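S.K.: The structure's right below; bear with me while I get my questions together.
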Amino acid sequence: MHVGFVALIGRPSTGKSTFLNTLLQQSVAIVSATPQSTRQRIRGIYNSEHAQIIFTDTPGIHYSDKRFNKHLLNQAKLGIEEADAILYLVDVTRKPGEEETFIISLLQDLSKPVWIALNKIDKRKSSFTAEYILFFNQLFPNAPLYKISSKENIGLAELTSSIIPSLPIGPRLYPSDMYTDQEPSLRIAEIIRKYAIQSLKEEIPHALYVYAEDLEMKGSRLWARIAIVVERETQKPIIIGKGGSNLQKIRIQSLKELSTIFPYKIELNLRVKVDKDWRTNEHRLSQLLP
Ligand SMILES: Nc1nc2c(ncn2[C@@H]2O[C@H](COP(=O)(O)OP(=O)(O)OP(=O)(O)O)[C@@H](O)[C@H]2O)c(=O)[nH]1
């Protein structure tokens, strides 16, 4: 059977996480209207009778001098390095930009097959599909080009079937009923981060990180103490909300989703903490995005 690693790459918000969640029919990666919601490389596993594809959802590639962005870019580069093939997602509702040229420069000298998927074709208004076809025919003529909608599940099966034969032959690396290799602590933290991001506006989503301070199985319940960390003291009350209302909303939404994933009850204790200016702290960034 064909088994291999495929890195999902593209600009922020091109729909990489949506692609993965739709294909696997599971919520493995954060989908958000806020760009750069994916931080670590998250693996989603596609299983069929004759194939296993381990997709790595990488952070959106956005070239910038900011330290935080450099770490995100590094995560994307690691995803490319460890992959057997690359799936490069493009958002047809945004014009081809400098970032596409930058991504192509990362891919051009690779001796790995690259697929290009023009995503969001369900959006007929303000679509640059024709421009992209011209753009890639000129700059990347050898890469197969597919038109897909990750949201509406259009073209995903055809695209996946065309990637499979390019992957190495070997035994499955994961059991066939496994669709992600994320540890429960990361899974829980990522779900809470998703609802925290959804409840906020503008800059703060980027100022958050979430981690499990303590997870303990007591009888048939998992007790989880989770920290939502912000950069500044002034951001704390925004997350907490009036009388704790925002935090409670995050808690209820997270528990609802967690109950569809984990076979046991989860007791969730959320705390909001400050880690001053963590996005410019090299040591902290290396810990969070190793
Ligand atoms: N109309 C439409 N919207 C889509 C499609 N795919 C994704 N989106 C939307 O695009 C936005 C970004 O999607 P994500 O899946 O979070 O994008 P991402 O590439 O993982 O983003 P980063 O984490 O920033 O790298 C969300 O609002 C999605 O609902 C699609 O096929 N059609």
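Counting starts with 1 at the first residue shown.
Yeah, the Cβs are placed from backbone N, Cα and C, and that goes for glycine too.
Note that TrEMBL annotation is computational and uncurated.
According to TrEMBL:
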DOMAIN    2-169  domain 'Era-type G'
REGION    10-17  region 'G1'
BINDING   10-17, 57-61, 119-122  GTP binding site
REGION    36-40  region 'G2'
REGION    57-60  region 'G3'
REGION    119-122  region 'G4'
DOMAIN    200-276  domain 'KH type-2'
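Could you place the listed features in the three-dimensional structure?
M.R.: A 10 Å cutoff on Cβ-Cβ distances gives T58 (GTP binding site) a total of 27 other Cβ atoms nearby, all chains included.
When pLDDT values are averaged over the region 'G3' (57-60), the model yields 73.
Cβ atoms under 8 Å from those of the region 'G4' (119-122) belong to residues 10, 14-15, 19, 89-93, 129, 147-152, 154-155 of the same chain, restricted to positions at least 6 beyond its ends.
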S.K.: Which binding-site residues from the set S13, K16, I121 have a C-beta atom lying less than 6 Å away from ligand 1?
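M.R.: So the answer is S13, K16.
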S.K.: Validating a neighbour-count step here. Other CB atoms within 10 A of the CB of G10 (GTP binding site): how many?
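M.R.: A count of 24.
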S.K.: Out of K16, I121, which of the binding-site residues has the smallest number of neighbouring Cβ atoms within 10 Å?
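M.R.: Selected from the binding-site residues K16, I121 on minimum Cβ neighbours within 10 Å: I121.
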